[in-house]
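Novice: Just passing along the structure, written as structure tokens.
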Amino acid sequence: MRILRKGFLDVLSCSLQLVNVGGRDIGRSITPFASCGPLTFISGILEACYTTSSLAPTSFGQEPNQTNREFLVSHNLEEEVYAQHIRRVILKVKNGTIEDVVQSLKGDGFCCEIQLTANLVDGLLQKFGDDWKSALGFYEWASSHEGYKHTQFGHDRMVDLLGKMRQMDRMWDLVHKMHSGGFVTLHTIAKVMRRLAGSRRWRDVVKVFDELEYMGFVKDTEAMNLLLDTFCKEKKVEVAHVAFFELKNHISPNAHTFNIFVHGWCNANRIDEALWTFQEMKDLGFKPSVITYSTIIQAYCNQFNVGKAYELLDKMVADGCLPNIVTYTILMNSLAKARKFDEALSIFEKVKSAGCMPDTLFYNSLINILGRADRLPEAFHIFEKEMKMNGVNCSISTYNTMISISCHHKQWQSALNVLEKMKSSSFKPDLQTYRPLLKLCFSEGELDVRIHSLLNDMADKYHLSFDLDTYTTLIHGLCSVGDIGWATLLFDEMIDREILPRRQTCKMLLQEVEQRNMYDYVEKIRMLTKQL
């Protein structure tokens with residue numbers, strides 16, 4: 001192997017200089033800030049061996065998201081009026097170009113007079129969902145609006161959305177502009193890396209790291225951890241390990257480095273390797289934390305090996321590392337997955353006896369499990385009384401979980417009551433709030449008043465742009481009740497907004513239009529399916 005000294009990762013370069021894999025073009029490589037050297041060995045391996053995985057829509061019965069989600073911005077009354085007007089102006093050109101959105105906003109007298117605030121702009125940027133065209137048009141208009149400068153959140157939100165929707169050229173254009181203005185942070189870099197990895201652009205992930213110094217960053221432990229975390233979260237732990245082997249002589253690891261690998265091995269369902277990393281961590285003088293133990297406990301739970309999870313829990317306590325509420329939440333969710341609801345709910349008693357204070361995420365999981373165990377009244381007791389008594393605040397996920405379990409039990413009025421309570425709180429409904437309500441409408445055939453009321457709320461009152469999951473819910477629901485006309489309109493709107501449907505959606509709609517001899521539409525779906 002020839003060693004090139006341009007950057008630490010160049011040591012991974014290979015004389016093969018891969019151009020394609022199996023006769024398939026592996027795509028154009030975008031160089032972010034400077035011309036890069038030859039393709040690296042690490043990225044060649046990744047491109048050759050990568051296999052895609054499908055993502056199913058979120059449904060009742062899954063645990064509430066335990067990851068840190070970006071904050072949700074609430075508008076005051078004046079900002080709500082402005083936001084509603086801006087959304088109406090954008091909706092007039094919803095199937096147009098980005099420039100159409102910009103010009104529509106510039107040409108509206110009222111919009112020109114609005115005093116933009118960070119709260120107003122960031123809140124709207126969040127509510128565009130996967131509608132990147134409207135979001136980018138609004139972002140560019142706000143950038144040119146007199147007296148307004150985007151926040152770091154606004155910049156990063158736009159970078160992340162463009163990356164998510166595979167608009168890589170536009171994402172890089174924005175990153176270049178941010179860089180010239182001094183707005184690129186390591187948080188921005190982390191988003192870029194994750195979106196590139198999600199698009200299988202492994203060479204570009206490596207190049208971003210190798211060119212960090214051109215962007216004004218130091219290749220230190222934090223930067224290395226970003227690279228390793230990106231690979232590990234995409235289940236490419238072996239590749240992360242190769243990179244680490246080459247980098248560790250120049251960059252010192254820390255405890256977080258090993259936690260990244262423990263999580264990566266566990267996420268790849270390779271617990272033995274996680275345990276070896278755990279031991280290596282201790283051998284190098286890093287003390288495993290509650291995060292380290294809890295991650296491996298989670299992996300055992302994912303294998304339904306609760307016995308091993310309890311063994312590690314005992315070892316954890318013996319080593320002087322007390323479990324926290326996250327550890328107990330993991331165990332409770334695992335038992336619920338195995339439909340051991342009574343045992344799962346008994347974890348609550350263990351929490352109390354351990355003197356561990358439940359938090360919002362624990363209560364969200366507890367409410368969800370009570371709903372799955374057909375104990376809806378107890379879930380409402382937790383939601384309405386116990387959380388408040390213990391000084392634990394509800395989150396938007398708490399309200400969404402209550403609505404979801406109410407809809408699962410076809411308790412329409414209960415779901416609406418929670419929705420009204422949510423509207424009067426500091427939290428406002430999001431797309432996840434409405435999806436179970438929409439599904440319930442379809443299951444009961446309520447396509448007149450109920451569904452139109454919900455859709456009007458989503459679009460006009462809360463300015464929510466449909467994302468992939470919402471379009472999927474609506475199109476599948478409409479197909480199930482035979483309203484193919486409306487389903488095709490939504491499908492067309494989805495395509496116009498460059499939100500690519502899932503294969504299952506195409507397959508379902510194709511069957512319906514074939515039965516109705518809609519030959520032009522049959523061909524349209526078949527052509528689109530070839531692009532997926």
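Glycine too: its Cβ is placed from the backbone N, Cα and C atoms.
Here's the feature list from TrEMBL:
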type   : residues : note
REPEAT : 254-288  : repeat 'PPR'
REPEAT : 289-323  : repeat 'PPR'
REPEAT : 324-358  : repeat 'PPR'
REPEAT : 359-394  : repeat 'PPR'
REPEAT : 395-429  : repeat 'PPR'
REPEAT : 467-501  : repeat 'PPR'
Novice: State the residues, same chain only, that lie 6 or more residues beyond the ends of the repeat 'PPR' (324-358) and have a CB under 8 A from a CB inside it; answer 'none' if no residue qualifies.
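Specialist: Counting only partners 6 or more residues beyond its ends, the repeat 'PPR' (324-358) has Cβ contacts under 8 Å with 63, 66, 290, 293-294, 297-298, 301-302, 304, 306, 309, 313, 316, 365-366, 368-370, 372-373, 390, 392.
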Novice: Near the repeat 'PPR' (289-323), which same-chain residues lie under 8 Å Cβ to Cβ, leaving out any that are not at least 6 residues past its ends?
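Specialist: Counting only partners 6 or more residues beyond its ends, the repeat 'PPR' (289-323) has Cβ contacts under 8 Å with 255, 258-259, 262-263, 266-267, 269, 271, 274-275, 278, 281, 330-331, 333-335, 337-338, 354, 356.
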Novice: Which value does the mean pLDDT take for the repeat 'PPR' (254-288) in this predicted structure?
Specialist: 93
Novice: What does DSSP give as the helix, strand and coil breakdown of the repeat 'PPR' (395-429)?
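Specialist: For the repeat 'PPR' (395-429), the helix, strand and coil counts are 25 helix, 0 strand, 10 coil.
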Novice: With DSSP helix as H/G/I and strand as E/B, how many residues of the repeat 'PPR' (254-288) fall in helix, strand and coil?
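Specialist: Within the repeat 'PPR' (254-288) the tally stands at 26 helix, 0 strand, 9 coil.
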